[in-house]
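So that you can see what the record holds, here are the features copied from Swiss-Prot:
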- 85-113: repeat 'PbH1 1' (REPEAT)
- 115-136: repeat 'PbH1 2' (REPEAT)
- 137-166: repeat 'PbH1 3' (REPEAT)
- 167-188: repeat 'PbH1 4' (REPEAT)
- 189-210: repeat 'PbH1 5' (REPEAT)
- 211-232: repeat 'PbH1 6' (REPEAT)
- 233-255: repeat 'PbH1 7' (REPEAT)
- 292-313: repeat 'PbH1 8' (REPEAT)
- 315-353: repeat 'PbH1 9' (REPEAT)
- 1-29: signal peptide (SIGNAL)
């Protein structure tokens, strides 16, 4: 059944009725009844232009389409639309002024566990709470929505644009998200796909936690504090994404295993005004790999950033080849006690600062590329040593390393550096 609520736009009682309806909306969510819906047949309903106040539950299969000028107002409390039945589509609606209580999971559209197969398409959401929350449901699709947070609220007090919790087989595609906390947060949600979204002015663009067998494809992050934060997950496929002018990290891998990063482009990562509290040392890293093993990292481009790639905390047994490191202020940071070979099947990476030669013209450098030496390690441990970079003592240390390789510490070695930038990595 659909119980009715009256359009504020068409009411003659004016502001008094508006306040009354807004007050009632704070008390409880009602079935979407007296919204003046027009039956279009085959389970499809249209909502005419106007401003409608309340918190509503959709508890049966239907396709709700809002006509141009239709706006739902949540009165500043609770979730605006709550979906509790399979087979619901919400399309083309403008949603405003829902609650901002993150503990209560206030969202513009809350998709409950029973609402399997929900489709949230082409809506315009603007508010401080969560945009779309998918809660332990199956087969939901969030497509082509525009979601904007409230810049007047501190970033950490805003909701995420799209939040997946314990969800399976979700598709998030074609959305534009800005000024929320994270663009899309995926928690304990397997077999999801995040495709062709645009995330700007956020904490993290894409944030994975405890999620497996999922895809992140063809997304763009811009001016976030971390473009792609991939954490405590395995078997992720991350391809064709771009990170432009993000702070701290372009792609962060934290406890990631058996995953693929291919064909991604990261450029212009800079040091943030504040570091990331989770892992110290956010120096503008295009790629940061922390305690991550058995991953394939091939065919990516990391360019024009403060630091190209940083490996630490036991990040070993990763296949790193066919990538391009271009114009980074520092290409590699690696401090560990084990040698790392960054080439595979006789093919290494392209390094814009490689000074070797290719006498047989096979496209591979004849001299290995070794970006780190004992002097680099000394500078990482004691940054004040930078003041002595051009001093005779530093030059003597470098000469000793070359003359007596036995004193060279383990580090990164690319035995087959590429002389030319590689072609884009084909998609898996």
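Positions of Cβ are set from backbone N, Cα and C atoms, glycine also.
Helix, strand and coil residue tallies for the repeat 'PbH1 2' (115-136), in that order: 0 helix, 12 strand, 10 coil [DSSP]. Counting only same-chain residues 6+ beyond the ends of the repeat 'PbH1 5' (189-210), those with a CB under 8 A from a CB of the stretch are 134, 155-156, 160-161, 164-183, 216-233, 236, 243, 246. Helix, strand and coil counts under DSSP for the repeat 'PbH1 9' (315-353) come to 0 helix, 17 strand, 22 coil.
Among the listed stretches 211-232, 233-255, 292-313, the one sharing the most Cβ pairs under 8 Å with the repeat 'PbH1 4' (167-188) is 211-232. Using DSSP to sort the residues of the repeat 'PbH1 7' (233-255) gives these counts of helix, strand and coil: 0 helix, 18 strand, 5 coil.
If one looks beyond the repeat 'PbH1 8' (292-313) by at least 6 residues along the same chain, the residues whose Cβ comes under 8 Å of a Cβ in the stretch are 250, 253-271, 283-286, 319-336, 340, 344, 412, 421-422, 424-426.
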